[in-house]
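The divalent metal cation 1 binding site annotation in Swiss-Prot covers H59, H61, K151, D313 and rests on sequence analysis. The annotation divalent metal cation 2 binding site is assigned in Swiss-Prot to K151, H182, H239 on the grounds of sequence analysis. Taken from Swiss-Prot, the feature substrate binding site applies to Y156, S286, N335, supported by sequence analysis. Residues or ranges marked as N6-carboxylysine in Swiss-Prot (evidence: sequence analysis): K151.
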Amino acid sequence: MRVLIKNGIVVNADGQAKQDLLIESGIVRQLGTDISPQLPCEEIDASGCYVFPGGVDVHTHFNIDVGIARSCDDFFTGTRAAACGGTTTIIDHMGFGPNGCRLRHQLEVYRGYAAHKAVIDYSFHGVIQHINHAILDEIPMMVEEGLSSFKLYLTYQYKLNDDEVLQALRRLHESGALTTVHPENDAAIASKRAEFIAAGLTAPRYHALSRPLECEAEAIARMINLAQIAGNAPLYIVHLSNGLGLDYLRLARANHQPVWVETCPQYLLLDERSYDTEDGMKFILSPPLRNVREQDKLWCGISDGAIDVVATDHCTFSMAQRQQISKGDFSRCPNGLPGVENRMQLLFSSGVMTGRISPERFVELTSAMPARLFGLWPQKGILAPGSDGDVVIIDPRQSQQIQHRHLHDNADYSPWEGFTCQGAIVRTLSRGETIFCDGTFTGKAGRGRFLRRKPFVPPVL
């Protein structure tokens, strides 16, 4: 199979040029002007469009069971939505397994979930839900099998204490793995939540008030210090929602600590006023939406390079699930928002088209740095000879209004309903195969491949 993309502006993290792109057998073979292939091929005219590396979303939750509910996107509907939004690779955060289970247990479960359903290429982050000698001894074997990142939680059912975190940080560092962490102070949250519930204050806005930004920022600072104590272990902070936490990360970077951070479109474009709407329960996620001032601080981090990655934390529960389970009580509502289909378009529209970031910085945030950090570079995250032919073509001249009825996930709403975006995703190619074109999904379940990722190598800070 040969595909020639002509007349587009090909953009990588280190530059852009108007040139053609030739893909053969799923691999980029040539970039240049006026490429004339010797053999017949499909030609795609990208005149006036940007040709970007396919998106790499390193934070999704497909088919996750959170105890009170199972998310409504599995690995088919979730990756279908990703493909239609220009994302060609996902790394899914596996959910918790049975109490006392080994690391391999969840890997086998999740490979079963994805094997015959994933539309695009995929991998998983390991999840460490308890610490003992067997778990610590298993980590190097998991890294050898291609899982080079693991998640720790400082809140929820399987939160780790500081001693357990230190043990995990040390062993992950020694084994060539990157530690990722959900940082919130669980004790402080529990205290605030109990206070509100006792007073009968259970409306959605009290979800945000029960998880103030200081709970997140304190946990970020604590993880930075613990990583330093653990031998300067590399650390990746997921779903940053506030500027104080970013300040702590800037300080760590100034002290040459190997720390990286992601944020998500919801923290850049939605704010806490959503909780006071009639459908406020559909915006319940953790950490919660913040105020506009915190948004501005995050945009500064996007613009100046302090934030490394924009992912989604896609975790979809329908409004029917939310209403039936919560019965109006924020503390009972399953947490998470859909968004895997909208990430690329939202950041392109609100970032590139407003002049906040360059097209090159867009690539850095959405594909290049995610691929570097998580052991996929240069197979993913770049359009260069030898890399996978994963491509998203965006037409900056088109304007689109987001409406859930046109999306491809399995939710029954979108938090982005009514948002108008400048720039439209017109085609997505995965390993040279068109899987989305002009509003129509053209891929198929099961074509996605499991990616064995390389051990962690820190990008230059």
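Glycine too: its Cβ is placed from the backbone N, Cα and C atoms.
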Open item on the list: Tell me which of the binding-site residues H59, H61, H182, H239, D313 ends up closest to Y156 (substrate binding site) in space, Cα to Cα.
Closed with: H182
- [ ] Please state whether DSSP places Y156 (substrate binding site) in a helix, a strand or coil.
- [x] coil
- [ ] Please classify the secondary structure at D313 (divalent metal cation 1 binding site) using three-state DSSP.
- [x] coil
Task: Rounded Cα-Cα span from H239 (divalent metal cation 2 binding site) to H59 (divalent metal cation 1 binding site), Å - done: 9
Task: Remaining residues near the recorded divalent metal cation 1 site, that is with C-beta within 8 Å of the centroid of the site residues H59, H61, K151, D313 - done: T60, D92, H93, H125, H182, V238, H239, A311, H314, C315
Task: Least surrounded among the binding-site residues, given as H59, H61, when other CB atoms within 10 Å are counted - done: H61
- [ ] List, in sequence order, the residues of the same chain other than K151, H182, H239 whose Cβ lies within 8 Å of the centroid of the Cβ atoms of the recorded divalent metal cation 2 site.
- [x] H59, H93, Y153, T180, V181, P183, I237, V238, D313
Open item on the list: So among H61, K151, D313, all listed as binding-site residues, which is physically nearest to S286 (substrate binding site)? Use the C-alpha atoms.
Closed with: D313
- [ ] Starting from the Cα of H239 (divalent metal cation 2 binding site), work out which of the binding-site residues (H61, K151, D313, N335) are within 10 Å.
- [x] D313
Task: Integer Cα-Cα distance in angstrom, H182 (divalent metal cation 2 binding site) to K151 (divalent metal cation 1 binding site) - done: 8
Task: Inter-residue C-alpha distance, K151 (divalent metal cation 1 binding site) and N335 (substrate binding site) (nearest angstrom) - done: 18
Task: Distance in Å spanning the most remote Cα pair of Y156, S286, N335, given for substrate - done: 11
